[in-house]
Every structure is written in structure tokens, then in C-alpha cells.
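For reference, the structure is listed below as C-alpha cells.
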Ligand SMILES: [Zn+2]
Ligand SMILES: [Zn+2]
């Protein structure tokens, strides 16, 4: 992939600021994730937005033209919207950097902030994926001024204080002699221009807060705390700047009968004492069962909604069975297991006939007055494994 912002936007080296903006708007309309949600397009949208971030800022563009690496100027990188100059400003208090070298006016266009929203999803939806509509309160480009911040029919005028330079020289006397530093112009806040007639819709910010609905595809296998990144869906930047990213943090709601440990699912199956003693074959619902009834199913293929459990004669309460591949799909491929714990139910209400039969059984087995025994606590194989790992 090219890293040349000119190539990414498809404009020539001598393109005017207006041409750059037009090219960006045209591409943004085609590639916007609302129009084209596939990941490749979102990735391109992000690249285009970053290219615009560089070329729309006269200073970043000049730095790139001088042979600088666009990426080191806040293009790409951590994608946090920090540019080298922002960092210099933070450390040296604006304009003091590089011995007072002129940096020129700064652009009003800045990349918007990333946003984080929380999404509650059912365990089955997190495990097997789901498409959800999400309402997001965010900053969108102001329709009235197209992000310019100017009232219709007006445009910014050059700042008289700094003559459009965006910065003013300050001379200070010190023991080293006179020090001349450049500071951002207070009159225009470093923009070099002033908006005499701000847009009424956005008060000159170029964006307005609005609620919109996004359709989010949650991939199968996400877990509690997973963040799904939606490129270019965060806040639109001020001054028509590109949008930040939106992160959707997944919160998984507890399920009444299944719990998740990594990619494994755990559940407990209770069965009568007699079945545990004599053995039986059970068919039980899987986690997907509730999902399969509502979700679209692949053509003609019946989804698997149950699993079979072979209860051998003499099955103990607390014993475990592992059903391979019946767990949660992994984000990296493959699938976890289903771990089934058996709980043997002791009958509580016995009618006279049942009590008679049980007493007879006890007599035959010589258990009328049994001895109890102290034993190590039973926690099942997985409980013991966990203990071993946790030391
Ligand atoms: Zn506006
Ligand atoms: Zn000024």
C-alpha cells in the first residue's frame, strides 16, 4: 500500500487546498463505513482520512513536501490524533520549539477524538456473533457550513494581528541576551485567520452533536471487555477534520445455565439418583438453542441445537464430562469445549411405597447404618486443575 498522501487522495503535488478538500469529500462519500461497511473499505477510509489530515494542514503538508515522513507527523502511528507539533506544544508551550523557527498558521481542521461505547450482549451473541443497531451520540460535520465554520456565503479573513502568520514574535531579555520566540497569535488562536461571521448551527466549530444509529457487526468469539474498532466512526474533527475511531466495548450478560471460561463453556446437569445409579442417555440444549430459533440459518442446513450426554451406571455427583468442540468459537479459529458437571439429585419427598423400596435396597446393600468417612473435598477435575495453576 502506498504511504504517499497525495497518491492516497489521488491529487497532484501542486493541488490547491480546495482540490484536496474536494478529493477527500468525494472519497469519503464512497468509502464511508455507513455506505461500505466491509473491513477493507474501512481500512481505506482510515488511510484517506489520515492522508487528508496531513494535506489539509499547511504545516504538515509542507513538512511532508520537504521529504518528511508523513507517518512521523501524526499520520498513522498510534492513531491517537497526536501530532509531533502537538507534543512539542505540550512540552515547550507552543511556538518555542526548534529555536523559534517559523511554523506558520495552524489548520482549523483536526482529527476528531476516538469514542468508546459499551454494548451489552447476551452470552450466545458474544459467542456466535450478532449484528446490532447501536445509538451513538457523537459530533458530526455541520451540514449548514460543511465543516467550514463560516456562515453561508462568508469566508475567513486574514488575522490583522499576525498578518495571517498564526504566530507573533516575543522578545525576552535574559542572562543569555535577547531571546526571540514565536508564540501562537492570541487574536486568532494561531489559525492566521478569523471567522468574522460564524455559522449559526455550529457556532463556528464546523460540527454539531447528534445521535445516530450504527449497525455494528459483532464477530463470533468476542469476550467480556473485547473492544471492536470501527474506523472513522468516532467524533468528526473540528474545522471539517477527519473523524476518529469508535470502539465498542463488549459487556457480556450472564447466562442462567452456561458460564464461559476462555473458549470453554461450563454447565451443570442435574439428574435423579436412580438415573445416576442405573445409567441413561440424555439429550440437552446447547447454548445456541435460543439463538438458532431467532437467527437466520444457513440454507437448508439444520443448526445443531442439542448435545447427547451418556450417563454411565454409577455416575457420581460432581463428576465431569467434556464435549469436545461444543464450546465457543475462538477469534483465532477453532472452538472450545463444553464441560458438563453432573449433579445427582437426592429424592426429598418419598411416599410410603418408595420409602419401603429404598429401605429394602439399603438392607440388601448392608447400608442400614452406614459409616461416614472423611475425604478430601471434591471439586472435580477442572477445579483441581485451576487450583494447580493458581498455585
Ligand atoms: Zn456550521
Ligand atoms: Zn493572528
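Any Cβ shown, glycine's included, is placed from N, Cα and C.
Those TrEMBL annotations? Automatic predictions, nothing curated.
TrEMBL lists 4-68 with the feature domain 'J'. Marked as zinc finger by TrEMBL: 129-211. The domain 'CR-type' annotation in TrEMBL covers 129-211. The repeat 'CXXCXGXG motif' feature in TrEMBL is assigned to 142-149, 159-166, 185-192, 199-206. Residues or ranges marked as Zn(2+) 2 binding site by TrEMBL: 159, 162, 185, 188. Annotation comment: TrEMBL describes 311-330, 363-391 as region 'Disordered'.
Taking the mean position of the Cβ atoms of 159, 162, 185, 188 as the Zn(2+) 2 site, the remaining same-chain residues with a Cβ inside 8 Å of that point are 105, 160, 161, 163, 164, 165, 166, 167, 168, 186, 187, 189, 190, 191, 192, 193, 194.
Here the region 'Disordered' (311-330) has Cβ contacts under 8 Å with residues 127-128, 220-221, 260, 263-265, 271, 275-282, 286, 336-344, 378-382 of the same chain, all six or more residues outside its ends. Applying DSSP to the repeat 'CXXCXGXG motif' (142-149) sorts its residues as follows: 0 helix, 0 strand, 8 coil.
For the domain 'CR-type' (129-211), the DSSP counts in helix, strand and coil order read 0 helix, 39 strand, 44 coil. When pLDDT is averaged over the repeat 'CXXCXGXG motif' (159-166), the result is 92.
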